[in-house]
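Visitor: According to TrEMBL, the protein has these features:
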{"type": "SIGNAL", "residues": "1-27", "note": "signal peptide"}
{"type": "DOMAIN", "residues": "28-331", "note": "domain 'Plant heme peroxidase family profile'"}
{"type": "DISULFID", "residues": "C38-C121", "note": "disulfide bond"}
{"type": "ACT_SITE", "residues": "H69", "note": "active site, proton acceptor"}
{"type": "BINDING", "residues": "D70, V73, G75, D77, S79, E91", "note": "Ca(2+) 1 binding site"}
{"type": "DISULFID", "residues": "C71-C76", "note": "disulfide bond"}
{"type": "DISULFID", "residues": "C127-C327", "note": "disulfide bond"}
{"type": "BINDING", "residues": "P169", "note": "substrate binding site"}
{"type": "BINDING", "residues": "T200, D251, T254, D259", "note": "Ca(2+) 2 binding site"}
{"type": "DISULFID", "residues": "C206-C238", "note": "disulfide bond"}
Amino acid sequence: MGRLHLLIIVFLSISSVTIFMPELVAAQLKTNYYAKTCPNVETIVRNVVNQKIQQTFVTIPAVLRLFFHDCFVEGCDSSVIVASTSGNTAEKDHPDNLSLAGDGFDTVIKAKAAIDAIPSCKNKVSCADILAIATRDVVQLSGGPGYIVELGRLDGFTSKASNVEGNLPKPTFNLDQLNTMFASHGLNQADMIALSAAHTVGFSHCSKFSNRIYNFSPQNPVDPTLNKTYAAQLQQMCPKNVDPRIAINMDPITPRAFDNVYFQNLQKGMGLFTSDQVLFTDQRSKGTVDSWASNSKAFQTAFINAMTKLGRVGVKTGKNGNIRRDCGAFN
Ligand code: HEM
């Protein structure tokens, strides 16, 4: 009787954990998922990523942002990579995704080809996992922390532009809006702050922050939280009628290094978007920014933790997904 009682308690606690902890999804992911089917998958992806980076640095921010946009819409299932067809406007053609750099997609497609060139690996590795591995690699190859990637995601069956609407954060978001959106994917404020530091590499088009440097408000033509020298530099790089194709470095100090200078920039009023700068101006997140600005190791640990959680969002397994033969099209 005592034993049964204990079993019931264990069962109840497990079932409540299932409901309240998204972390349990990880039970389906494994770090050695391809050990039997394609043991060299990570080396193959790493080589492709390395080669792509040698061709263009853009590979780094492009892959990193692609992973984020994939995971926040329909989960990490490579739905963002699927191309539109005559009957379906895919995620990648939603306005929020039009600025995803082509080199991110190209990296996944090239890695998939390299994997499939090994007969035993052919059609064994999902595009979603290739993107997760490539993301770890671009972070590490730009000076960020290395980490073990959980694997075993399948590719999804749905990619609709209409599903993107309202599921990606806007550069004008305040802290509450950021927290709400990240929380809906099981990510807390610390995760959100750590992941925002992805803006330590990469580029932004002028239109994404022009509201901060021109006609910000009736009282302040320029956002007062913006460093004055930096604001003047931004106005110079992004004059009022700038070519919409112009993009500038998001981290003006170390644009090619994945480092905690992102947080040091925020302390100086040099966060590019409202959503970046608010992390320092809002007292509820300032402490974390200050701590990671001075402690790179602590930031790296938080980033790895947050990326691992991001990689578990909406993972497809079993009948809910498959392995796409072509990452850009459903089988
Ligand atoms: C916190 C809320 C976030 C907002 C509001 C936001 C918004 C933006 C915007 C507006 C751009 C510029 C796009 C362009 O003009 O081409 C951008 C770029 C970028 N974002 Fe974010 N983002 C956020 C979080 C993240 C996260 C969590 C990651 C990855 C973990 C990420 C990675 C990147 C990267 C790497 C770029 C540069 C892309 C490139 O150079 O091609 N962002 N983001």
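Cβ atoms here come from the backbone N, Cα and C positions, even for glycine.
Bear in mind that TrEMBL entries carry predicted annotations, made automatically and left uncurated.
Buried or exposed, and what's around them? Tell me for each listed feature.
Guide: The domain 'Plant heme peroxidase family profile' (28-331) scores a mean pLDDT of 98 in the predicted structure.
In the three-state DSSP reading, C121 (disulfide bond) counts as helix. Same-chain residues at least 6 positions away in sequence with a Cβ under 8 Å from that of C121 (disulfide bond) are, in sequence order, T37, C38, N40, V41, I44, I115.
When secondary structure is read from DSSP and collapsed to three states, H69 (active site, proton acceptor) falls in the helix class.
DSSP assigns D77 (Ca(2+) 1 binding site) to coil in the three-state reduction, placing it in neither a helix nor a strand.
Less than 8 angstroms from the CB of C76 (disulfide bond) sit F67, D70, A128, L131, A132, R153, L310, G311, R312, V313, G314, V315, each of them six or more residues away in the same chain.
Using a 10 Å radius centred on the Cβ of C127 (disulfide bond) and all shown protein chains, the other Cβ atoms total 28.
DSSP assigns P169 (substrate binding site) to coil in the three-state reduction, outside any helix or strand. Neighbour density for P169 (substrate binding site): within 10 A of its CB lie 18 other CB atoms from the protein chains shown.
Around the Cβ of D251 (Ca(2+) 2 binding site), the same chain contributes H199, T200, V201, A257, V261, Y262, N265, each under 8 angstroms and 6 or more positions distant in sequence.
Annotation for C238 (disulfide bond): spatial neighbours C206, F209, S210, I213, I246, I248, criterion Cβ-Cβ under 8 Å with sequence separation of six or more.
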Visitor: Which recorded positions from the set S79, C127, P169 come near ligand 1, judged by a Cβ under 6 Å from any of its atoms?
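Guide: Passing the 6 Å Cβ check against ligand 1: P169.
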Visitor: Please give me the recorded positions out of H69, G75, E91, D259 that lie within 10 Å of C127 (disulfide bond), comparing Cα atoms only.
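Guide: Near C127 (disulfide bond), where near means Cα within 10 Å, there are no recorded positions at all.
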Visitor: Whole-number Å distance between the CA of C327 (disulfide bond) and the CA of D259 (Ca(2+) 2 binding site)?
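Guide: A Cα-Cα distance of 31 Å.
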Visitor: Could you check which of the binding-site residues P169, T254, D259 is the closest Cα neighbour of V73 (Ca(2+) 1 binding site)?
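Guide: Result: the closest of the binding-site residues to V73 (Ca(2+) 1 binding site) is P169.
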